[in-house]
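Colleague: Checked Swiss-Prot, it gives:
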type     : residues                                                               : note
REGION   : 1-203                                                                  : region 'Precorrin-2 dehydrogenase /sirohydrochlorin ferrochelatase'
BINDING  : Asp22, Ile23, Lys43, Ser44                                             : NAD(+) binding site
MOD_RES  : Ser128                                                                 : phosphoserine
BINDING  : Pro225, Gly301, Gly302, Asp303, Ile306, Thr331, Ala332, Met383, Gly412 : S-adenosyl-L-methionine binding site
ACT_SITE : Asp248                                                                 : active site, proton acceptor
Amino acid sequence: MNYLPIFIDIKQKPCLVVGGGDIAYRKINFLLKAHGQVTCIAKSSCKNVVKLASDNKIIYFEKSFEASDIKEQVLIVSATDNTSLNKQVSELSNQNNIPVNVVDSPDLCTFIMPSIVDRSPIVIAISSAGKAPVLARLIRAKLESTLPHAYGKLAELAGNFRDKVKEKFSNIEDRRYFWEKTFSGIIAEKVFSGKIQEAKADLQVQLDGSTKTQVGEVYLVGGGPGDPDLLTFKALRLMQQADVVLYDRLVSNGVMGLVRRDAQLIYVGKERDNHVVPQGDINQLLVNLAKQGRRVCRLKGGDPFIFGRGGEEIETLAENGISFQVVPGITAASGCSTYSGIPLTHRDYSQSCRFVTGHLKDGSMNLPWHELSVEQQTIVFYMALNGARHLSEQLITHGMSPDMPVALVEKGTTPEQKVYTTTLKKLPDLVKNEIIHAPTLIIIGEVVTLREKLNWFDAKLASSKKSYLFGG
């Protein structure tokens with residue numbers, strides 16, 4: 001280890017930055033975040049540094065650096081492109097035992113500034129000892145994507161209870177166990193979702209040692225259209241901490257591969273007219289599992305609030321006083337159209353887009369066909385594969401051109417994606433003659449013609465058999 005990683009308190013203490021360019025500006029902001037009193041010396045400065053000075057956030061001297069400028073400083077940063085000046089600042093700082101950092105010159109530094117992940121009061125510093133700063137920034141980016149921004153609030157909550165916990169548990173091992181349970185459980189998740197007061201109350205109950213079973217929480221998570229890379233950070237985090245996962249047929253294998261390894265998996269798959277577990281039973285199962293104190297992830301394909309019956313499920317949770325979170329997912333219409341090179345709206349072809357279910361609650365397709373048949377719009381049908389003939393006939397009957405372009409996207413966003421293009425008139429024959437598997441989305445509109453020009457995903461697939469043209 002070439003450097004000792006330490007954190008220095010510079011609150012209200014004088015810090016000097018030599019230089020006024022963009023890099024100096026970044027270093028000044030770094031020092032200001034730690035509440036240092038910053039003085040900047042430069043013969044000329046960028047507009048951002050000048051603004052900091054005009055806002056009285058720093059002291060600014062537009063002049064050349066002099067040896068006397070380092071007097072009474074507790075920390076110095078030199079951020080200029082003048083090699084001899086940087087060396088002078090370093091030597092003077094060393095002679096006066098003042099910590100100094102010279103940007104991009106590790107040999108002239110007595111300390112280096114790491115990349116940081118700021119979740120104050122939690123701060124993570126990453127350093128490559130000046131060897132590979134770009135790599136340090138990449139590592140920082142990975143950490144930024146995995147650590148919830150509310151970690152700081154969790155630390156503050158813990159700080160408020162620290163003395164109480166110390167008083168309750170004299171043994172350090174008992175305290176450690178208490179905090180580990182807190183930081184990895186429902187209390188932490190409530191903080192992350194902004195329910196600070198609930199988390200505070202639950203922490204007090206846990207500290208009091210109540211024997212009452214703590215009610216768990218349900219996470220209604222949108223698993224997206226199939227590609228696991230399209231999951232949100234929050235979705236992934238909740239999937240990996242849930243005790244139980246209820247999932248359905250539309251969740252891809254790639255997404256399922258990311259759930260917590262030891263979680264209990266319950267399949268509640270749904271197919272047309274064949275629900276493995278009836279919706280009412282799913283609703284009640286969510287309630288029962290949460291009342292057992294378990295963290296329950298209800299994992300759905302696409303977005304839970306777009307033809308996903310998510311509203312019905314959380315209605316039941318709300319009626320039973322169960323805490324829940326809803327995490328949006330990329331809906332199939334957005335994911336499948338994007339991965340097929342078909343924009344849902346376009347200035348020249350479509351000024352609106354409608355998402356329509358082809359499988360209504362009563363099993364019929366009682367839709368406003370006149371509204372759906374107007375020009376300059378895109379229609380996306382979910383769950384309509386078996387009703388393709390009916391929707392084709394109805395749209396043509398109500399005025400849509402029989403030659404209107406149509407695309408069917410099977411298993412969209414996955415390596416198994418297939419895209420069939422045809423016309424509205426020929427759609428029934430396509431579905432009849434080809435072996436097309438659910439989940440398949442039907443996109444109708446002039447925007448489909450753009451696929452030939454804008455298709456990008458199929459070109460990345462190894463096989464050329466992923467795209468099909470039916471009926472010329």
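Just so you know, glycine gets a Cβ as well, placed from its N, Cα and C.
Quick caveat, the model's predicted, so the values are computed rather than measured.
Surface or core, plus neighbours and distances: that's what I need for these features.
Modeller: According to DSSP, Ile23 (NAD(+) binding site) sits within a helical segment.
In three-state terms derived from DSSP, Ser128 (phosphoserine) belongs to neither a helical nor a strand segment and is classed as coil. Taking the Cβ of Ser128 (phosphoserine) as reference, residues of its chain lying under 8 Å away and at least six apart in sequence are, in sequence order, Leu135, Ala136.
When Cβ atoms from all protein chains are considered, those within 10 Å of Gly412 (S-adenosyl-L-methionine binding site) total 26, not counting its own.
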Colleague: Cα distance, Asp248 (active site, proton acceptor) to Gly302 (S-adenosyl-L-methionine binding site), nearest Å?
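Modeller: Each residue's Cα considered, Gly302 (S-adenosyl-L-methionine binding site) and Asp248 (active site, proton acceptor) end up 11 Å apart.
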Colleague: To the nearest whole angstrom, what is the C-alpha distance linking Gly412 (S-adenosyl-L-methionine binding site) and Ile23 (NAD(+) binding site)?
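Modeller: Here the two Cα atoms lie 44 Å apart.
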Colleague: I'm checking region-level scores; what's the whole-number mean pLDDT for the region 'Precorrin-2 dehydrogenase /sirohydrochlorin ferrochelatase' (1-203)?
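Modeller: The answer is 94, the mean pLDDT of the model over that range.
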Colleague: By a 10 A CB contact count over all chains shown, which of the binding-site residues listed here is most packed: Pro225, Gly302?
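Modeller: Neighbour-count leader: Pro225.
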Colleague: Around Asp248 (active site, proton acceptor), how many other CB atoms lie within 10 A of its CB?
Modeller: 21
Colleague: Could you list the residues of the same chain, at least six apart in sequence, whose Cβ is under 8 A from the Cβ of Lys43 (NAD(+) binding site)?
Modeller: Gly20, Glu62, Lys63, Ser64
